[in-house]
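J.: What follows is a single structure, and I will ask about it in a moment.
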DNA sequence: CGGAATCCTCGAGGATACTG
DNA sequence: CAGTATCCTCGAGGATTCCG
């Protein structure tokens, strides 16, 4: 999205440019309504490299889906939370989850099947507050 | 999905494996509740090459999102329509469209903005029958 | 018309190492 | 802890040609 040419024929195309790719939807999903640190996200996405996570977070921030808050401490601390745009995405991703669980149950880890459908919260993120400052 | 390793950590991952990539969601969206011929889809997706369209259609068929019906006529005629899984995706994609229109209106062709939100039908495919032979 | 076959590009994504 | 900096792989996607 932010680095591409933006000539979309269809809104679906624009949406997938924002959250397509291997990681972006997953990152948004894992942050959820909570606040997540870099290492939290990385722990939830074991296969992502620091490099990729950094790139995707930057891209999500440029697209206005997440907010990055950096605390100048030692050791450094950076927190990510969703903007309103990002949060509005959560119910959609949630529906997509239900869809995948319905039609591809055999490819979904078992602990997701027994989860109450319709409730975000894929990883260890919790549904506490998210005082984002956008 | 069909050709990959299927070890998903999260349903979102599985869903995006089905409809991720540059074309698949677009194809599903363009077929909609209608029936579309190969050339119809291609006309709606000007940038897709025959090769890619063929590959993506095959992948969608293997994932159970579309049904291919071949008529042994001269000239040949092949029709594609969505399965229930594919149709269940339409409202989700539709919501995604609304989301994109809401947050990225400047990147969406103007004729989508004025469209009544919540109604599928992205391209020239119509929601009635589709026995048009272009 | 609706593809298949072949070959190729190119950039998303990855591995590894290092740093403020 | 939270990243950068380099370099590299690899396969999704593309161009072109040909076929039933």
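Keep in mind that glycine also has a Cβ here, set from the backbone N, Cα and C atoms.
What TrEMBL records for A:10-108 is domain 'HTH hxlR-type'.
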J.: I'd like the per-state residue tally for the domain 'HTH hxlR-type' (A:10-108) from DSSP, helix first, then strand, then coil.
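T.: Counts, helix then strand then coil: 60 helix, 15 strand, 24 coil.
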J.: Pop the mean pLDDT for the domain 'HTH hxlR-type' (A:10-108) in here, whole number is fine.
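T.: Per the prediction, mean pLDDT sits at 94 for the domain 'HTH hxlR-type' (A:10-108).
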